[in-house]
Amino acid sequence: MSEIVVNAVSKTWGGVGGVNRISFKADAGTLLVLLGPSGCGKSTTLRLIAGLEEVDSGTITIGGRDVTHLSPAQRNISMVFQSYALFPHLNVAENIIFGLRVRGVGRAERDARLRKVADIVGLSHLLERKPSQLSGGQRQRVALGRAIIAEAPVCLMDEPLSNLDAKLRHEMRTEIRSLQQRLGMTMVYVTHDQTEAMTMADRVILMRDGHIEQNGAPHELYNEPASDFTARFIGTPPMNIISWEAGAVLGIRPEHISLVENGGVPATVKAVEYLGADSIILCDVKGETVSVRQTGYCDLPTGAQVALGWQNRHIHLFDRDSGKRRAGSHLPHRGFPLNERQ
Amino acid sequence: MVSAVMSAAEPRAVRRRAWLTNANAWLLLLPAVVLLATFTHYPILATLYHSFFSLSRGGASEFVGLENYTYMLEDDVFWQVLRNNIVFAIATVPTSIALALLMAVWVDKKMAGRSFLRLAFFTPTVLPMIAVANIWLFFYTPNYGLLDQFLKSLGFAGHNWLGDPSTVMSCLAAMVVWKEAGFFMIFYLAALQTIPPELKEAAEVEGASRWYFFRRVTLPLLMPTTLFISINALINSFKLVDQLVIMTKGGPNNASSLLLYYIYEVAFTFQDTAFAATLTVTLIAILAAVALTKFVYLDRRIHYQ
Ligand SMILES: Nc1ncnc2c1ncn2[C@@H]1O[C@H](COP(=O)(O)OP(=O)(O)OP(=O)(O)O)[C@@H](O)[C@H]1O
Ligand SMILES: [Mg+2]
């Protein structure tokens, strides 16, 4: 099986950018998402796995084979580029079978596989078109087709859905995930869209400035963020981070806060964002902004005085300086001033 | 009464405004139109006109119909220079294109001294043809020219390169290729840099060798440039004759004469302007045919991005 092991890999350009001693493992047949803000080293990591960049130090193995110094072709991978990288002079069919042709696969087999793949990505009726005659989503599916026709055990995708509209993005997300599971591929998927990460991944690696901030299943990143950075990155709107006693900050998700009748923390409504299924109430608490999620429509006027309450089991505590999660931070602390919700 | 006046005045105002717009446009075009008409269109038409008349040495010229053209078709020298020109084109166009492509691919790589190489390849282009011809004249000089010196040091005998009808064309062709290739390289270089690097990476991931990538991706994507260059090179092979004035004067025995140089001789040495006009019309027809081929035929068969 083709698990990918990245061990203490570094890559910089003259000491800047790139990644710094990252280690992780993608189990065979699973989908690993690399998530993080722009410029954190996601593409670099992917290109290192693909062999398009040379590592400065560290090793990469695929399926137990050390591929650190092998060429991209020898690594037996397929890749979807962020910019699609379609050959503009070749039509859809020729683009998809480019790799098969390179490897000298016979015509009959080529045609059969093309038919199958074109059907999967829904391009059967567009095989004669040139990339310039396709919409963005169609081009993206050509790139996808070219990657999956190889039937390589490892597939790497660099923000393959970044240019699509919300509906197409949702469709393609489902399509890619089911394809990956059907073909049993090991997939590394780069995105800076956390919705994509949460919905598709078996495991998410959150990166920041060239190192790994947290590596875990989607629910672990959401429910037990290892740092205030993770807490702020995962979730829309992100977790509220409020100053707390000396040396610590307190985190609480918007959906875990509610407006209470008596007791609670006094707050002033600054704005209300109506999202359809629910509303986000932005409140001011002693100069800090706290967002509260409420189901349905909310018609609180700006400037209204409200009181906020939450249960202590939903609280996360982080170290103020290091940003690290504090052990046992779910437990209520000594001298906790906020009211327990009744 | 009032409404009748209004309706008559309104279209007049509109018409007046349209007329002003038109006049404005024509005024802006005027300088270019005057220049083109005086120095391009009128001379072409005048040449065509003169090619149907006899030579007027002192007396009046008279209409002779196609007589000048029949004379041209019977002129052995015309056929020889036309043949020379075709040979010259076949010798220089593909070679300079191939060389330009080779140089462009080479200096497109990331390597030390790249800018210096690019500059070196481009230098022949900035030199005037007259200077180039003088430099190469020295190369080809019998006995003490560079080429002969070199051959002698290897033990070969000297040779009158430009004086021998069997070598003169090759010598001129080599020089023109040297001069032109650097210029065409710039176009290829520009085109190569528009090819996204991800294409190369995508092909690499698929396992394509460099040669396969060059043949199946780079070359097809360079086709528009190749077409542009080949048309230019072809037209240049009919247009560039400065070197003949310096190096051979078309000799020996018209072995290196080209169509345009022959026209120059006929018009200014033999003073036969009517025949020169006839030859010029023929040359223009050939060049127009080349340009037309590009526009109507080749354009349709090439992928443009
Ligand atoms: N070829 C390069 N030369 C120099 N620096 C580079 C190069 N490629 C990437 N970097 C730097 O490395 C860092 C990580 O880049 P990378 O492309 O991996 O970011 P990313 O996480 O993919 O960002 P995005 O989400 O915007 O695509 C960036 O700071 C970038 O400037
Ligand atoms: Mg990127």
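Any Cβ shown, glycine's included, is placed from N, Cα and C.
Under the heading transmembrane segment, TrEMBL lists B:25-45 (among others).
Taken from TrEMBL, the feature domain 'ABC transmembrane type-1' covers B:82-296.
Within its own chain, the transmembrane segment (B:86-107) has Cβ neighbours under 8 Å at 114, 117-118, 121, 169-170, 172-173, 176-177, 180-185, 187-189, 192, 214, 218, 222, 226, 229-230, 233-234, 237-238, 258, counting only residues six or more beyond its boundaries. The annotation transmembrane segment is assigned in TrEMBL to B:86-107 (among others).
If you look up TrEMBL, you'll see B:119-139 (among others) marked as transmembrane segment. With a cut-off of 8 Å between Cβ atoms, the residues of this chain six or more beyond the transmembrane segment (B:119-139) that come close are 103, 107, 145-147, 162, 171, 175, 178-183, 185-186, 240, 242-243, 245-247.
The transmembrane segment annotation in TrEMBL covers B:167-192 (among others).
Look at TrEMBL and you will find B:213-235 (among others) tagged as transmembrane segment.
A Cβ distance under 8 Å defines the sequence-distant neighbours of the transmembrane segment (B:274-297), meaning residues of its chain 6+ beyond its ends; these are 44, 47-48, 50-51, 53-56, 61, 68-69, 71-72, 78, 227, 231, 234-235, 238, 259-260, 262-263, 266-267. Per TrEMBL, the feature transmembrane segment maps to B:274-297 (among others).
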Intrachain residues whose Cβ lies under 8 Å of the transmembrane segment (B:167-192), provided they are six or more past its termini:
84, 87-88, 91-92, 95-97, 99-101, 103-105, 107-108, 118, 121-125, 127, 129, 132-133, 136, 140, 159, 161, 218, 221-222, 224-225, 228-229, 232-233, 236-237, 240, 243-244, 247-248, 251-252, 255-256
Same chain, outside the transmembrane segment (B:25-45) by at least 6, Cβ under 8 Å from its Cβ: which residues?
284
